[in-house]
Every structure is written in C-alpha cells, then in structure tokens.
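Undergrad: Okay, here's the structure, questions in a sec.
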C-alpha cells in the first residue's frame, strides 16, 4: 500500500501545480487495502479537504489504483483528523519490491505503476499550510462572478437560528473587538469540533475502472500565478493554519475564486495590484478599497480572492462576503425582529467586510444609515472594508453624501473591459480547462466580435463546443461562425454608419454635420476618427464605403483612423472605456 501511494503521489505531483499538490494530495494518507474486495481507504484530515478531494480527484486516484493493482478497485475516503501526521510517514521511501505490479505480485525495481519511475522520497516533515489554491476545474479567469448563488449568501442571513428562544433575532452575541484582539476566535468557538469530524467516519466514493477513466480529470496550468504574499513580500502562513470545513460557509466566500486563476491584463492590472496589497496589509493600506466597472469584469472574483487569501493567513478571522441586496434584506429582518443591537454587534465586529454592488443601496435610507455606522466602526477598529459597484462613487444616485465621501476616502480603482489580447487569453484558458483545443484564429475571431464582458465570451465558447460535439466537426472559423450566427446577427443588427455617427456626435457633443465636414480641429477630428473605427468594427462596410459616408473621404484616411484608434485603445484606459460605452450604446 505504501508503494502504491508513493507512486500515485509522484504521478499526481507531476500533473498538479506544487501548491495544489501540497494542499490536496500531500495531507492524504492511505488507511487500508482489502485484497479480497479490492477496497482502498484513504484518509483526509478535515471535511473541507475530504469534500474537495472526493469531488475533484477521486476519479484520477481510482484510475491510478486500478492500474497499479490491475483490478477493479473502489476508493473509500475517510475523515481522520490525524491523517496529515500519518501522511508524512507514507511519503518515506518504501522497501523495493513490496507492491503488486506483475504476475508474481512484485514491482520491478525502480518502477511504479504504468512503468513510470518509482516515487522518490519527499521528506518526512508534517505538512505546513501552503498558499490557498483550489483545483483548477472551474477557474474564474479573472472575470466573472461566483459559480453558485450560494456565494452571494442570498436567503442565508449571517446569523444563527432565528428560532432560538434565547436569541430572537438569531444573531450571535459577539461583542465589538478592539484592534489589538483581532484574529481571536468568536466567543463560544473555543474547542469547536466541525460537524462530522469524528474519528473514523467514512464518506465512500466507489467507481469501477471504466467510470474512473471516463470521469474528467483536468490538470491545471503548470505555472500558476504566485500568491499575494510571494509577490508582495507578505509572511507565509503559519504551519497548521488552514480554513476549517465550515469557514467558507460562514464567510460566504467562494473558494474557487482565488488570485491563482485570475487572468491579468492591462484592463485590470491596477485593480489586482491593489487587491494584493490589501490582502497582505488588511486595514492598513487602501481602506476602503472601492472597485468599480461593468458586469462580468472580475470585481467579485477579486474580492473573493482577497477574502480567501486572508482566510488562509488567519482561519479565525471574521470575514463576511455579502451582496448589497442581501445586506438590505438583513436590515429589514433586523427591523422586523427589533434586533438592531445584535445586527450591529455582528457587522461591527468583523475583520473584513466585502460588500458587492453597493449601488443597490440607492434610495434605501435606513440601510444606508446602518451601513454608515458599520463602516465607521470597522474603520475605527482597523478592519478592512472592500466595496464594488458598477460606477464611480460620485456617479451613484440616491446615496447619502457622507457615504460617498467615505467611499472616496480610500482607493478607488476602475476595472475596464478586457482588451483583445486578454479576451483571447481568457478564451484559450477556458478551452484548456475543458480539455479542448481551440485554434488561436478561432479565439481571435470570437474575441474580435464579442467585447462587452467575459461572461458573453464564455457563453459563446460553450455554444461553439456544443455545436462541434453535436455535429462531429472540428472547431474552425466556419464552424464557429455557424455556431454563433444568431449571436453575431444580434451584435450587428440595426447598427448603421449613420447611427454610429449620430451616437458619437451626441457622446462628444459635436454636430452630426461635423462627421462629414472638412473641419480638422481636435475636438472634431478625434470623434470622427472614433466613428470611423466603430464603423469598421461594427458594420460590414468596406473602407471605401465608410469613407464615402464620411464626406467622400479616401479609404486610406479611414484606414489611418482605424489603425490609430485601435493602437491607442490598447494603451489608453480612458479611451477604451469610452469605446466600450459607445459599443454598448450602439448594441442596445
């Protein structure tokens, strides 16, 4: 059994990133193998790791076991808090020739399962806590929101059982915590044992070899981005510190959304740098951090990544992610139950508050008042506050001026729509995660036609993959064009050069007639060049046709304008934002 686990671990170490191997595979320990029933039992140290290993790696481990023992093997995952300690012993070199692998039941010297080299010793030290990294099966790629509604905490208030007679509002009785005491457990949490953590409890996953082979297992990228403390010089998490099995449920953080799977480009590099700085220095720099941008651009991904990193650094930290609508709902419930004292104690004692889409507070005066008090208390206690919105603070209507001034008091960072190269990179990564080879020219074709947000890109990719599978065709530009014909038709529908000229003239406050005139002042020539660029990008008109519609200009003039604006768009975030607004307006 030790030979098998060393060989399996060696193979998985080659397939996974170092952080993922240390986080998910190294803490596991084989418990027993029944030679009669071919049942293998593997222990995980806590429910959190058990659930993730079972959901992400059980198929691969089962396949390796079947290959090693040359039989149908079922894998049973056992919950055992002492597993991490025993795992180190199983990583020690084994005696040669003690495991199966041939007709005589002995492995060939120096070989492991499937003929690959036997495992080398990996050290006998107990596992420390590596940087937080989830298996890469559902990456967020820098853009996109939580993969499940549960990440928003909708319908799940942050406090306890409303039916508790000793606590009518169902809220905890935590008192405000001074700055010096942050990171201590909640009252009543000492000695807490996670549900289901009894020694010897078993969760069983059984698969035959066919199912194990059929079950998808996708190796993540081999060169992940570094964790924040590695980039910014923060301290490495202390050994033994790890999020408990219920900590993500309490915080409403989505563990899949991390810095590792956040794709960075010019459009979001400043926001990511600010997020990393905050993750390493919560409550000290950039407080509050205010991120704003359109839908599907990665705001929620970034704030979850901050929370997940801080949770790794200090699993006892009181962290709460909440959507603004749910915060409003919590205020209403507290009002109905006359439980504002408990409500305040909960929110005022957090170490990190992540609140999404703050624009939903518009017009809700009581909610704004309660949030103002919570904000003031958290800042006074040096807790970190992170806010997202779809617009700049001063542009939000229906929000109290004193709140707006608080939002502006920290760091405000915009996340812009991704540039062409970044959209291509996101599509290629998403395709790789699906184990599908998408030609680069196809990715460029899709990225060129779909610019609004990355959710739209991912939806288009799913349509292409489904169309290719259903029709048994390779993915080409022709197949892509056919798969996306409805989407592309909608993109180009009702967009005319005349409409583009009028929209640009209104946007830049010039006359439509200036689009055809020979005037060359900068305040006219620039909008005219932008309109030419959009006409080339959003219509099927040729360069000569566009030139004719702009006062009979030569096609070389149009080509110069298109190239000039395209080049400046890749370098100028403000221009990129303006073009994005114009494109969205034209597409309706």
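Each residue, glycine too, has its Cβ placed from N, Cα and C.
For reference, Swiss-Prot lists these features for the protein:
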BINDING   296, 298, 299, 300  ATP binding site
COMPBIAS  118-140  compositional bias 'Low complexity'
COMPBIAS  155-176  compositional bias 'Low complexity'
COMPBIAS  183-196  compositional bias 'Low complexity'
REGION    1-73  region 'Domain I, interacts with DnaA modulators'
REGION    73-251  region 'Domain II'
REGION    104-141  region 'Disordered'
REGION    154-198  region 'Disordered'
REGION    212-247  region 'Disordered'
REGION    252-468  region 'Domain III, AAA+ region'
REGION    469-588  region 'Domain IV, binds dsDNA'
Undergrad: Out of 296, 298, which of the binding-site residues is least crowded by other Cβ atoms within 10 Å?
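TA: Per-residue Cβ counts within 10 Å for the binding-site residues 296, 298 bottom out at 296.
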Undergrad: Tally every other Cβ atom lying within 10 Å of the Cβ atom of residue 299 (ATP binding site).
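TA: A count of 28.
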Undergrad: Using DSSP, how many residues in the region 'Domain IV, binds dsDNA' (469-588) fall into helix, strand and coil?
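TA: Secondary-structure composition of the region 'Domain IV, binds dsDNA' (469-588): 87 helix, 0 strand, 33 coil.
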Undergrad: Express the predicted model's confidence over the region 'Domain III, AAA+ region' (252-468) as a mean pLDDT, rounded to an integer.
TA: 89
